[in-house]
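**Q** One structure, pasted below without further comment.
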C-alpha cells in the first residue's frame with residue numbers, strides 16, 4: 001500500500017481510539033473534570049504524565065537538535081529528565097497531601113492571599129498559552145507533511161479532536177486518552193530506532209548501539225567525531241557552549257520542569273501520597289525510554305546523513321533524499337558544479353542543508369522500513385502533540401473557572417462551575433488554534449522561555465511553602481514578582497529589544513537568555529527569604545497546615561474547599 | 001501532644017536527611033559528571049562511549065530513575081516506622 005494510505009489508516013484508527021476513550025470516561029463532576037476523581041492508578045498516571053510531558057518538540061525535534069549540537073544537546077536530555085527528581089522528592093508528595101486541584105490553589109492557601117493566587121494564575125496562564133500554541137502548530141505540521149493537507153486544515157482538525165475529548169472528558173478523559181497516546185508514541189519512536197541501530201551497529205538496543213561500533217570496527221561516536229572533523233565541524237562529543245552556560249541552562253530546564261503547572265497537576269489525580277511518589281518514578285521511566293533513545297537516533301541520523309550524501313554523485317543519492325527535498329526540509333545546491341554533494345562547515349562551500357526535524361520524520365525511510373512504519377511515525381507525532389495540548393488546555397480552563405471565577409464567586413454550584421470550565425476549555429482551544437494558524441514568529445523560542453519563567457516564578461515559592469513555615473505572603477509575592485520580572489526583562493531585552501547584542505560577551509556572567517531562569521530563581525529565593533524576615537510570620541493556621549502536609553497519613557481525595 | 005510533636009520532628013529530620021543525600025547524588029551525576037568534570041571523565045571510556053559524554057546523554061538519566069525509586073522505597077519504610085503511612 002501507498003505511504004499516504006497507511007498514514008490515513010493509522011492516524012484514523014488512533015483518533016477513533018482517543019474519541020472512544022473520551023466517551024467512555026467523560027467527566028460528571030468538577031472533581032472528575034479537574035483531577036479525574038483522584039482515583040487514577042500510579043502506573044496509569046505515570047504513563048499519562050509521560051505523554052502529557054513529551055510534546056511535539058520532544059518527539060519530532062529533540063533528536064534533530066542533538067544531531068546538530070552533539071554534546072551541547074545534553075542540556076535538554078538532562079534538563080528535561082532531572083526535573084522529575086526534584087518533582088518526586090520536593091513537590092509531588094506534599095502537594096498531593098495538600099489535596100486541592102491546582103498550583104494557584106496551593107499558593108493562595110499557603111500564602112493566605114488572593115493577590116498571591118492571582119499572580120500565580122497569571123504565571124500559569126502565560127506559561128500554558130505559549131506552550132499550547134506551539135503544540136497546535138506541531139499538529140498542523142504533522143498533518144501537512146504526512147497527509148498532504150494545508151497546515152491550516154491540520155490545525156483545525158487537531159482542534160476539533162482536542163476540543164471533543166478535553167471538553168467532554170476533562171482530566172478523566174484526558175488521562176485515559178494520554179495512556180493510549182503514550183503507547184502509540186513510544187511504539188512509533190522505538191520501531192525505526194531499533195532497526196537503524198541494528199543496521200548500523202548490529203545491536204537492537206539503541207542505547208547500547210550508540211556505544212557500539214560500525215561495520216569497520218571503530219566505535220560509532222569516534223567515527224562520527226572524525227568524519228565531522230574532516231568536514232570542518234566541531235567534534236560530536238565535545239561542547240561549544242561554555243560550562244557556565246551549560247550548567248545554567250540545564251538547571252533552568254530542570255527547575256522549570258518541576259514548576260510547570262500541567263505537570264504538577266497530574267500528581268493530584270492519584271489516591272495517596274505514596275502513589276504520588278511512585279507515580280513520579282513511573283513517569284520518569286516512561287520518559288527515559290524516549291529520552292535515552294533520542295541521542296541514539298541523533299547520532300545514527302547524523303552518521304547516515306553524512307555517509308549517504310558527502311562526496312556522493314547527486315544523481316545517485318538515496319531515494320529518501322529526493323522524497324524530502326520536495327518538502328523543502330532537505331536542499332541540495334551544487335555550488336561548484338562537480339555533480340557531487342559537499343557537506344561542509346563553511347557556509348560558502350556547503351551544498352547540503354538539512355532541517356533538524358528530518359532525523360525523526362525520515363527515520364523509517366532512511367532505515368528502508370515498510371510504508372506502514374511511516375504512517376506510524378505520523379500517528380506518534382500527532383499523539384505527542386495532542387496529549388500535551390490537552391493537558392495544557394485543562395490547566396487553562398481550570399485556572400479560569402476555578403482560580404479566577406470561583407475565587408471571587410465562591411457560591412457558584414458545582415454544575416455551573418463545570419459548565420464554565422468547559423466553556424473556558426473551548427475558548428482556549430479556539431485561541432490556541434488561532435495562534436497555530438497564525439503563529440507569532442517567536443513561538444518556538446517562547447516555549448523554551450516558558451521553562452525559565454516557571455523556574456523563576458513558581459518553583460521557589462512552592463518549595464519554600466513546603467519546607468519553611470516562616471515564609472509569608474509578602475515574601476512570596478515579592479519573590480515571585482522579582483523572579484518573573486527579572487527573567488522576562490532579560491529575555492525580552494536580548495531576544496526582542498537588542499537581538500544584535502545576544503552573544504556571550506554581552507550576557508551577564510556569560511548566561512544566555514535560555515539559562516537566565518536559574519538566576520531568576522536564585523533572586524526569587526533571596527528576596528523571598530529577606531522580605532519574610534522583616535515582615536510578620538504567617539498566621540498559626542497556615543503554620544499548622546505546613547506541618548500537616550509534611551505527613552502522609554490522612555490524605556483524602558483531592559477536595560473542594 | 002508534645003510526644004507526638006517530637007516524633008513528627010524526628011520523622012521530618014530523617015526525611016530531610018534522605019532528601020539531602022539523594023539530591024547530592026542527583027547533582028553529582030548530572031552537573032558533576034555530565035558538565036563540570038566532563039572533560040576529565042572523557043579521558044576514560046565505557047565501551048564505545050567517552051565516559052563524560054555517556055553521563056551527559058545516558059548515565060545521568062538512568063541515575064535519575066534509580067534515585068526516585070530509592071526515594072520511594074526509603075520513604076515507604078520511614079512512613080511505616082513512624083506510623084504515618086496510609087492505609
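Cβ atoms here come from the backbone N, Cα and C positions, even for glycine.
Grabbed the feature section from TrEMBL, which reads as follows:
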TRANSMEM  A:6-24  transmembrane segment
TRANSMEM  A:77-95  transmembrane segment
TRANSMEM  A:116-133  transmembrane segment
TRANSMEM  A:153-170  transmembrane segment
TRANSMEM  A:182-200  transmembrane segment
TRANSMEM  A:246-268  transmembrane segment
TRANSMEM  A:280-303  transmembrane segment
TRANSMEM  A:372-397  transmembrane segment
TRANSMEM  A:418-436  transmembrane segment
TRANSMEM  A:442-463  transmembrane segment
TRANSMEM  A:475-496  transmembrane segment
TRANSMEM  A:516-535  transmembrane segment
**Q** Of the listed stretches A:77-95, A:116-133, A:153-170, A:246-268, A:372-397, which one has the most C-beta pairs under 8 A with the transmembrane segment (A:182-200)?
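**A** Going through each listed stretch, the top one turns out to be A:372-397.
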**Q** Quick one: do the transmembrane segment (A:77-95) and the transmembrane segment (A:246-268) reach 3+ CB pairs under 8 Å, ignoring pairs fewer than 6 apart in sequence?
**A** yes
**Q** Can at least 3 Cβ pairs under 8 A be found between the transmembrane segment (A:372-397) and the transmembrane segment (A:475-496), with each pair 6 or more apart in sequence?
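**A** They do not touch: fewer than three Cβ pairs between the two stretches lie under 8 Å.
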**Q** With Cβ-Cβ distances below 8 Å as the criterion, list the same-chain residues six or more beyond the ends of the transmembrane segment (A:153-170) that contact it, or say none.
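**A** Tertiary neighbours of the transmembrane segment (A:153-170) are 15, 18-19, 21-23, 25-27, 32-34, 36, 136-137, 139-144, 147, 176-177, 382, 385-386, 389-390, 393-394, 397, 421-422, 425-426, 429-430, 432-433, 436-437.
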**Q** Considering only Cβ pairs under 8 Å, which range in A:116-133, A:246-268, A:418-436 makes the most contacts with the transmembrane segment (A:475-496)?
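**A** Per the Cβ count, the answer is A:116-133.
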